[in-house]
Amino acid sequence: MKILAVVLISVIVLNTANGENYYPQKYTNDYYGCQQQTDAFCDKVCKLHLAESGFCDQSWGLAKACKCVNVSYDNSFYFNALESQCPLLNKSAA
C-alpha cells in the first residue's frame, strides 16, 4: 500500500513539474507558422522557448503552426521565455 501511495505521489509531482504542449508565440503575439518549414525549424523555435522539443502541427485545417512539447504556458510567450533565460530582463528584479 505504501508503494502505491509513493507511486501516486510521484506521478502527481512529475505531472505538475513538467509543462504541457503549447503553440509558442512570437514577440508580435503571432504563432510560428511552418507551412514551408520542417520539424527541425519548429524544434529549434521550441527549444528557444525552453521546451523539450517541437514539431510542425496541422490541427487548424490548412494552417500549420509549430507546437512545443513539455513547455510551461508562460514560456510559450516570447518575452516570458527571454526573461526566464536572462534574469536581467526581468522588470520586477530592477
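Numbers run from 1 along the shown chain.
Keep in mind that glycine also has a Cβ here, set from the backbone N, Cα and C atoms.
Note that the coordinates shown come from a computational prediction; the quantities given were computed from them, not determined experimentally.
In the disulfide annotation of Swiss-Prot, CYS56 is paired with CYS34 out of the candidates CYS34, CYS68. Of the cysteines CYS66, CYS68, only one is given by Swiss-Prot as the disulfide partner of CYS42: CYS66. The disulfide partner of CYS68, as annotated in Swiss-Prot and taken from the candidates CYS46, CYS86, is CYS46.
Candidates CYS42, CYS46, CYS68 (disulfide-bonded residues) were compared with CYS34 (disulfide bond); those inside 10 Å Cα-Cα are CYS42. CYS34 (disulfide bond) falls within neither a helix nor a strand when secondary structure is assigned with DSSP, and so counts as coil. Under DSSP, the residues of the domain 'LCN-type CS-alpha/beta' (20-87) split into helix, strand and coil as follows: 22 helix, 24 strand, 22 coil.
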